[in-house]
Amino acid sequence: MGFNWWRIVRVLSLDDDEITQCSELQAVCSQALPFDIGYKMCLPKRVGGPAIQSVATALGNILCFNFGLMFGITPAHMTLYESEERTPLNQATDPAGTAWLTGYLFLSAAVGALVSGFLALKIGPKSVLLCSGLLQISAWACIHFGNDIVHIYASRLFAGVASGAAFVVLPIFINEIAESREKAARLTFTIELWRTLGILIGFVLGFYVPYAFVNIVGCAVSFVFTMTFPFVQESPHYYLRKNNMASLEKSLRWYRGIRDIDDREKPEYLSELDEFHAELRSRDKNVASTPMSHSYIIRLTFVSFLLTVCAKLSGVFVELNYAADFLGRTGYSTETNYVVLASAQCIGALLARLVGPRLPRKLLLCFSSLFAAAAVIALALFKAYGQFWLLGNWADRYLPIVLLAIQLAVVSFGLYPLAAVVSSEVLPTKLHDLLYSLASAVSWLLLFGMIEAFNAVKATIAPGLVLYLWVFAGASIFVGLVSLPLLPETRNRRPSAVQRKLGYVDDGGVAKGSAVTNGHIATHI
């Protein structure tokens, strides 16, 4: 079967509408290609909108995986940098110098988180994620070619800015491309799975793989993201903010799997497109939405900070970074302890992805936070009074790692992923982008302070480790108890119902009007 390739090349030079309507392309490609190239990406015709949304999210999640790699290799490589015989640098670094590696990672993450929400509104979430990918390439290049501790610091700064931006913007991107709130929640739960998987692989690479090969893996992962994510479309909501209906329709068709001209008549697609048009017309006519009261905005701000800050203060990153200090000589070898704890995180994140979207959000949040607090409290009591319990040698050796693994698994199962899921379901769109960005920046700063103060607290305040455990338990208990009366249930609830529960009502006692596009609350402030 022969045909002229120049005919396909000529058709590919057309714009999207001309390609879709071109009978010549359909006739040629039907003979040779099992693909519809209406969007110049050769997507299989049978791939629908949900699969495209999942693939786009998976590509974005490479950034979260990459952060996990960078964080995971740090404990192992700190030992290398301090070793006179094994250091890959020009000279060994003292423990005070290596202690800043994780600190710089979190400090720069606060900077990335602070600016990313604003940038996502201005240049689009896809553009912000692409910039994050370039920064991650720079981070791994600094490690690969670096020969001084300053170069390693630079790698953490680049990676931190990229990761802080990615963890803020990726949930925004998911909510703007998903076809429903339920689909957005399922995709947002995957962020935690990719992050924990990256940490696990990072521990394995850091402890068991030669230093030079680790950097090659990191560069390869960053390269995969940079070469694939540009082919993803920008979100329709970004084009709505820019009043660009032509690009909006193109993006919407891509994310809904609309590639044939006949598919554009689907009722669900036309209904969603009409909502975008109605929103744009209301903006053109300067139809202002009902303003939100100050008390309502304060309540939303408290909700955003409650979820985001308490998730970070639950102790996940501090415990993983200083697992050798928290466990001491208990458990297994130092390397195995790190891998066990990271594996427990992955199990919790996997369960969250499988069953989390089906569970009531408030129930899952309260259960995970209180159960995680119980495990941390048990560990704190064991460290303080365990010598009087006479539980036996097995308990003295393995109970600490079991309790710590349970706490990490439960936090990854509920508290940590729900911080992003519930925030996006509770907060109006623009307010969510800005508040979630600010709350994330504050939480990374607090985490930076806890990381940098750890050695000083451990050495000067007795018992310092137990004090940290009580802080972790207090943060988990606080979010669990406060969310019971404060947060409404958001699963399978209309946005107007959620806002009514939060007190967004007019004088007549009904929820104030807010434009709802694709299940997203588009109230403007």
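Just so it is clear, glycine is given a Cβ too, placed from its N, Cα and C backbone atoms.
Unlike curated records, TrEMBL annotations are generated automatically.
TrEMBL lists 52-491 with the feature domain 'Major facilitator superfamily (MFS) profile'. Averaged across the domain 'Major facilitator superfamily (MFS) profile' (52-491), pLDDT for the predicted model comes to 88.
Using a Cβ-Cβ cut-off under 8 Å and counting only residues 6 or more beyond its ends in the same chain, the transmembrane segment (55-78) has close neighbours at 95, 98-99, 101-102, 105, 129, 132-133, 136, 139, 155-156, 159, 162-163, 166-167, 170, 173-174, 177, 187, 190-191, 194-207, 211, 214, 217-218, 221-222, 224-225, 228-229, 232-233, 255, 317, 320-321, 323-324, 335, 338, 342. The feature transmembrane segment is assigned by TrEMBL to 55-78 (among others).
According to TrEMBL, the feature transmembrane segment maps to 98-121 (among others).
Marked as transmembrane segment by TrEMBL: 128-146 (among others).
The annotation transmembrane segment is assigned in TrEMBL to 152-174 (among others).
As annotated by TrEMBL, transmembrane segment applies to 186-205 (among others). With a cut-off of 8 Å between Cβ atoms, the residues of this chain six or more beyond the transmembrane segment (186-205) that come close are 53-54, 57-58, 61-62, 64-76, 167, 170-171, 174-175, 178, 213-214, 217, 320, 335, 338-339, 342-343, 345-346, 348-350, 352-353, 356-357, 412, 416-417, 420-421, 424.
According to TrEMBL, the transmembrane segment annotation covers 211-232 (among others). Through the fold, the transmembrane segment (211-232) approaches residues 41, 56, 59-60, 62-63, 65-66, 69-70, 73, 77, 80, 88, 126, 129-130, 133-134, 136-137, 139-141, 143-144, 205 of its own chain, all at least 6 residues removed from its boundaries and within a Cβ separation under 8 Å.
The transmembrane segment feature in TrEMBL is assigned to 296-318 (among others).
Under 8 Å from some Cβ of the transmembrane segment (338-356) lie the Cβ atoms of residues 72, 75-76, 186, 189-190, 192-193, 195-197, 199-200, 203-204, 207, 316, 319-320, 323-324, 331-332, 364, 401, 404-406, 408-414, 417-418, all in the same chain and six or more residues away from its ends. Summarising the annotation, TrEMBL assigns transmembrane segment to 338-356 (among others).
The feature transmembrane segment is assigned by TrEMBL to 363-386 (among others).
Summarising the annotation, TrEMBL assigns transmembrane segment to 398-422 (among others).
The transmembrane segment annotation in TrEMBL covers 434-454 (among others). Away from its own ends, the transmembrane segment (434-454) comes close to residues 99-100, 102-103, 106-107, 109-111, 113-118, 121, 164, 167-168, 171-172, 300-301, 304-305, 307-309, 311-313, 317-318, 321-322, 325, 420, 423-424, 427, 464, 468, 471 of its chain (Cβ-Cβ under 8 Å, at least six residues beyond either end).
Taken from TrEMBL, the feature transmembrane segment applies to 466-487 (among others).
Taking residue pairs at least 6 apart in sequence, the transmembrane segment (466-487) and the transmembrane segment (152-174) share fewer than three C-beta contacts under 8 angstroms.
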